[in-house]
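Feature annotations, courtesy of Swiss-Prot:
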- Lys28: SUMO2 cross-link (CROSSLNK)
- Lys51: SUMO2 cross-link (CROSSLNK)
- Lys56: SUMO2 cross-link (CROSSLNK)
- Lys157: SUMO cross-link (CROSSLNK)
- Lys169: SUMO cross-link (CROSSLNK)
- Lys173: SUMO2 cross-link (CROSSLNK)
- 212-292: region 'Interaction with TERF2IP' (REGION)
- 16-38: zinc finger (ZN_FING)
- 44-66: zinc finger (ZN_FING)
- 72-94: zinc finger (ZN_FING)
- 100-122: zinc finger (ZN_FING)
- 128-150: zinc finger (ZN_FING)
- 156-178: zinc finger (ZN_FING)
- 184-206: zinc finger (ZN_FING)
- 212-234: zinc finger (ZN_FING)
- 240-262: zinc finger (ZN_FING)
- 268-290: zinc finger (ZN_FING)
Amino acid sequence: MSQLSQQRILSGGSPFACKVCGKLFSHKSNLTEHEHFHSREKPFECNECGKAFSQKQYVIKHQSTHSGEKLFECSDCGKAFSQKENLLTHQKIHTGEKPFECKDCGKAFIQKSNLIRHQRTHTGEKPFICKECGKTFSGKSNLTEHEKIHIGEKPFKCNECGTAFGQKKYLIKHQNIHTGEKPYECNECGKAFSQRTSLIVHVRIHSGDKPYECNVCGKAFSQSSSLTVHVRSHTGEKPYGCNECGKAFSQFSTLALHLRIHTGKKPYQCSECGKAFSQKSHHIRHQKIHTH
């Protein structure tokens, strides 16, 4: 801080105050930069990738990601970071510190950004909108992953079989096919699952819990994904379009089945006669011919 700035504050002079949040600044230029937060204006652009920021200090920090320089190293595990605040956040993994606590449910987080994102599960806020289909998301990373559906990008590849996925979570789910690991077991019926979320959804079969209710007709569902698909029956939304013929579908799984018409893929083969089918339901129906 300059001597003039110090004198201004110590003398009780007129610092520059933000009209939105009341934060005080010793220079008008600092106030102007701060106000970009509220206006969401991002006048500072990275020359390398074009990413824009509200303050100059953030673009300077960001530019270190292009240089590859990582000056800040963790003394516990040796991992290095290009920015000091990223190191400080990382070190909380080792200390177990979670200073940001949700007032609604008490869950604590390492980063404030994670708390803000979590709080949207209580408020239902989904501020990130897909420009292609209008679907909304609570986090920007969720939107980014979703957008890969529209561009057909599949950057996550299985090392075992080569199957590629648009989202990392789907690759992780898929990999359990190869390992066969199912560590999550239902106390009611003993059925085991490879993922905890799958167990939680399954338990609702026993409890009858249906926490996701349609605002239009009141129908309730055990899974949020089921509610999302159901709502499209009211809105008529069909976000999944076929690149071959243009036909659109309300569910991605339905699009995947439809695509087999164009590719000719028939993964379900009858063990009795060898006839192959593109859909599992057709395969099951066919097998009844042999049992009768």
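Glycine is treated like the rest: Cβ placed from N, Cα and C.
Where Swiss-Prot records a feature, it is marked here on the structure.
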residue: Lys28; record: SUMO2 cross-link; DSSP class: helix
residue: Lys51; record: SUMO2 cross-link; DSSP class: coil
residue: Lys56; record: SUMO2 cross-link; DSSP class: helix
residue: Lys157; record: SUMO cross-link; DSSP class: strand
residue: Lys169; record: SUMO cross-link; DSSP class: helix
Using all protein chains in view, find how many other C-beta atoms are within 10 Å of the C-beta of Lys56 (SUMO2 cross-link). 13
What same-chain residues, at least 6 away in sequence, bring their CB to under 8 Å of the CB of Lys173 (SUMO2 cross-link)? Ser194, Gln195
Proximal residue to Lys56 (SUMO2 cross-link) among recorded sites Lys28, Lys157, Lys169 (C-alpha distance): Lys28
Please work out which recorded stretch in 100-122, 184-206, 212-234, 268-290 has the most C-beta pairs separated by under 8 angstroms from the zinc finger (72-94)? 100-122
Measuring Cα to Cα, tell me the gap between Lys157 (SUMO cross-link) and Lys169 (SUMO cross-link) in whole angstrom. 11
At the Cα level, what's the spacing in Å between Lys169 (SUMO cross-link) and Lys51 (SUMO2 cross-link), rounded? 26
Name the range, of those listed as 100-122, 184-206, 212-234, 268-290, that has the largest tally of Cβ pairs under 8 Å with the zinc finger (128-150). 100-122
Residues from the same chain, set at least six apart from the ends of the zinc finger (212-234), whose C-beta lies under 8 A from its own: 201, 204-205, 250-251
Packing count at Lys169 (SUMO cross-link) (other Cβ atoms within 10 Å of its Cβ): 14
Enter the number of other CB atoms within 10 angstroms of the CB of Lys51 (SUMO2 cross-link). 14
Please list, for the zinc finger (212-234), how many residues fall into helix, strand and coil according to DSSP. 11 helix, 4 strand, 8 coil
Just give the helix, strand and coil counts over the zinc finger (240-262), going by DSSP. 11 helix, 4 strand, 8 coil
Express the distance between the Cα positions of Lys51 (SUMO2 cross-link) and Lys28 (SUMO2 cross-link) as a whole number of Å. 25
